[in-house]
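*Asks:* My structure is below; once you've seen it, I'll send some questions.
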Amino acid sequence: MKKSEAKIRIDKLKKEINHHRYLYHVLDRQEISEAALDSLKDELFKLEDQFPEFVTADSPTQRVAGEPSSQFSKVKHSQRMLSLNDAFSSEDVFGWLERLKRVDPNAAYDFFAETKMDGLALSLVYLNGVLETGATRGNGEVGEDVTVNVRTIESVPLQLASEGLSKQVARIEVRGEVYLSKTDFNKINLEREKAGEPAYMNPRNTAAGTLRQLDPKLVAARNLRFMAYALPTNLGQETHAEEHQLLKELGFATDPLAVTCQKVDEVFDFFEATGKQRDNLDYQIDGIVVQVNSTALFQRLGVVGKAPRAAIAMKFPAEQATSIVEDIQIQVGRTGVLTPVAHLRPVRVAGTIVQRATLHNVDEIKRLGLKIGDTVIVEKAGDIIPDIVEVMVNLRTGKERPFKMPKTCPVCAEPTSRQDGEVAFYCTNNDCLAKQREQFYHFVSKKGLDVDGLGPRIIDQLMDADLITTPADLFKLTKEDVLPLEGFAELAAENLIESLNKARVVPLARFIFALGIRHVGEQTALDLAKQFGSVEKLQQATPEQIETIHDLGPAAASSLTKYFSDAARQKYFNELIAQLQIQKPQQGASNKLNGKSYLFTGTLASMTRDDAKALVRDNGGQVLSAVSKNLDYLVTGDAPGSKVEKAMHLGVKILTEKEFLGML
Ligand code: IVH
């Protein structure tokens, strides 16, 4: 990479990482998986290593994450609360050992290895053996004083157990991880479900949110737990193993699995064994923490940036889950390659819902031995589309069906072919993809379905991420699908899904025009809508019937019948109309209220409410049944109800009856 390119990339990475770190550590919100964020950090780390001149003090590699939130008073940590560098492979671990050797070539290393809990760090300060302060990490230097909440955590002793030790040293600091057990987390979500509240994402976020609740009573009900992993105060410990022993004597829970390792091989063994145990533990762990056991050596090795040189976090590979392949469908990519995509029973992997997995090509399906209906292991490694890594053949029922590559392109129905020596099948129709892209642009455009905020740029993104192949796919998109795309924060994703939902209601004429059928322009679409009155009737129309329409020639007629008789298209077309509410044209109708939604409240002076609703529909508008963000206008008659207040609150425009009539 050229220096100038590296600079641009580094700047972009910093901005993006900072954005996600802020969401995660300050707001306790998550838009991309940790695996994805980790790999961004990894790339930045490596680039900065290569071009050290671009390392700045504000780089995410140079600081501990998060700013303290303003709700709690601040606590300055007596010693900075550090972070750990991550290792994702054995090479990373060996690289770390090399760096240790460079600093201290003669030192004899043994290691202490323990699980890395996926909760949040907490610092506890005891004065004369009594709990004085509990503080979050915050930005590492200054955290939040959450003592009132910490007091509710049963596993935090309010008084240290060993009187001898606490008499010896007046101020003792203990650090560790606050977490929610999996059992408690599931219980909370079950209760929320019953109460009709949305489920929480994961235990870590829930624990973080809970610890920063302003009402300690709510915190107490949640049953947070604490496990200690460090004793920054010198109580005579010479190794980290002794430190754990002391923590136990002081009355803290420590990692029951932790071990001392004489050789690095033992560290790898522990890593593997812990990984296997992972699902049996009642708390989430995301790796192990390995550190130089000797306290003196640990200190001598010092701090690099935000992390102690003597410790490293070995992370488990990306999270996996199992699901069922309900179907395998073909997506046509930008270059014409046909990619089989597994449609999965939705499953939560690493905090996001996964419904599709790429299968790459037929050879990959063969290699996996995958059939439709199989139970599979899905792995998400920070990618938009996750992978299927294994088929669980033992779970077969006998009803599984083998997959066959179709002989024709599912979009344009032209033959597909595979060139000698190539794994990929291609659509042979040169026009197919360009057409498809253009059709999407047309389909969502102002004169088409008029999907607010959805233009060519986003269509490209959705197509490139293989999220959409036919227009029907647009209406199956979920917030989770679009969140990983560049530029999609929570709100943007919500807005897009909302716009799509709004666009579902479409007058017949605009729908026909949106299809982009050759020779069918805006006026023809209007004429067709008027003549046939419904999609079904138009689908069944013969060329002769179509030609009876004034001004409509044989070219349009044959183009239309060809369009509707195409077998490959039929499937997605039916899927598409099932997603939409296509409005029949009304006699004497206008398009004056096109795309706008209305709701009436109170007694109208000049007509009944039903008449008013019909008027809206006749003129292309939509009638909603409740005030929501989706509503464009609330029309008020005499003695309107509580809807007005709600509409004002949501910023919905309020009209008088006269103003409404003025729109027509
Ligand atoms: S030792 C130098 N040990 O991982 C920092 N940390 O990035 C001292 N964590 O926020 C960390 N389990 O809260 C250590 N057994 C463990 C841990 C652990 C989880 C967290 C810690 C910190 C993060 C380090």
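Here the Cβ of each residue, glycine as well, is placed from N, Cα and C on the backbone.
Summarising the annotation, TrEMBL assigns NAD(+) binding site to SER83, LEU84, GLU114, ARG137, GLU177, LYS315. Look at TrEMBL and you will find LYS116 tagged as active site, N6-AMP-lysine intermediate. Annotated Zn(2+) binding site per TrEMBL: CYS409, CYS412, CYS427, CYS432, in sequence order. Summarising the annotation, TrEMBL assigns domain 'BRCT' to 588-664.
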*Asks:* Compared by Cα position, which of the recorded positions LYS116, CYS409, CYS412, CYS427, CYS432 is the closest one to LYS315 (NAD(+) binding site)?
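*Replies:* Nearest by Cα distance to LYS315 (NAD(+) binding site): LYS116.
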*Asks:* Nearest of the recorded positions to LEU84 (NAD(+) binding site) by CA-CA distance, picking from LYS116, CYS409, CYS412, CYS427, CYS432?
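*Replies:* Nearest in space to LEU84 (NAD(+) binding site), counting only the recorded positions, is LYS116.
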*Asks:* Which value in Å gives the longest Cα to Cα span across the NAD(+) site residues SER83, LEU84, GLU114, ARG137, GLU177, LYS315 as recorded?
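*Replies:* Of all Cα pairs among the recorded NAD(+) binders, the widest measures 21 Å.
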*Asks:* Among SER83, LEU84, GLU114, GLU177, LYS315, CYS427, the binding-site residues in the record, which have a C-beta under 6 A from ligand 1?
*Replies:* SER83, LEU84, GLU114, GLU177
*Asks:* Determine the Cβ neighbour count for LEU84 (NAD(+) binding site): the number of other Cβ atoms within 10 Å of its Cβ.
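*Replies:* Within a 10 Å radius of the Cβ of LEU84 (NAD(+) binding site) lie 18 other Cβ atoms.
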*Asks:* With GLU177 (NAD(+) binding site) as the reference Cα, tell me which of the recorded positions LYS116, CYS409, CYS412, CYS427, CYS432 is the closest one.
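*Replies:* Given the candidates LYS116, CYS409, CYS412, CYS427, CYS432, the nearest one is LYS116.
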*Asks:* Quick one: Cα separation, GLU114 (NAD(+) binding site) versus CYS427 (Zn(2+) binding site), in Å?
*Replies:* 53
*Asks:* List only the single closest residue to SER83 (NAD(+) binding site), chosen from the recorded positions LYS116, CYS409, CYS412, CYS432 by CA-CA distance.
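*Replies:* Closest by Cα distance to SER83 (NAD(+) binding site) among the recorded positions LYS116, CYS409, CYS412, CYS432: LYS116.
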*Asks:* Please report the distance from the Cα of ARG137 (NAD(+) binding site) to the Cα of CYS409 (Zn(2+) binding site), rounded to the nearest angstrom.
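*Replies:* Their Cα atoms are separated by 55 Å.
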*Asks:* DSSP on GLU114 (NAD(+) binding site), three-state: which is it?
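*Replies:* The three-state answer is strand.
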*Asks:* Name the residue among the recorded positions LYS116, ARG137, LYS315 whose Cβ has the smallest number of other Cβ atoms within 10 Å.
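*Replies:* Across LYS116, ARG137, LYS315, these recorded positions, the one with fewest Cβ atoms within 10 Å is LYS315.
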*Asks:* What is the interatomic distance between the Cα atoms of CYS409 (Zn(2+) binding site) and the residue listed as 'active site, N6-AMP-lysine intermediate', given in whole Å?
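*Replies:* Between the alpha carbons of CYS409 (Zn(2+) binding site) and the residue listed as 'active site, N6-AMP-lysine intermediate' there are 49 Å.
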